[in-house]
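Visitor: Take this structure, written in structure tokens, and hold onto it; I'll ask about it next.
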């Protein structure tokens, strides 16, 4: 049975059906499930982490990571990794907690937050970044 209210505040690894409205689960690995989660189980990949097993009918909600995408990530080799993003941007995402001026270009900003989770998607398509069409 699906929850009437979304049991998580944000989700980076949503798995949803293609139905309208979708039925979603959030597969984010966390140290502790939110109190609104009714069925919290250990992560298969890392037993020290947990995954909320609840299902929710509707939009899975906003992302958790401090940036939407990243062209210059630095990540650990753990699975899942802990990542930071070195992209210089005009304005940091609202989810970024520590946004500071870039050292080489103070008019640009860099989010210094680190994030434990899936590798962030690229902002620029590879063909464009490589100078292709």
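Each Cβ is built from the backbone N, Cα and C atoms, and glycine gets one as well.
Remember, TrEMBL labels are computer predictions, not curated facts.
Sharing the features that TrEMBL gives for it:
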type	residues	note
DOMAIN	26-40	domain 'Bowman-Birk serine protease inhibitors family'
DOMAIN	85-99	domain 'Bowman-Birk serine protease inhibitors family'
Visitor: Let's see if you can do this one: DSSP helix, strand and coil counts over the domain 'Bowman-Birk serine protease inhibitors family' (26-40), in that order.
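Guide: Final tally across the stretch: 0 helix, 3 strand, 12 coil.
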Visitor: When secondary structure is assigned with DSSP, how many helix, strand and coil residues does the domain 'Bowman-Birk serine protease inhibitors family' (85-99) contain?
Guide: 0 helix, 3 strand, 12 coil
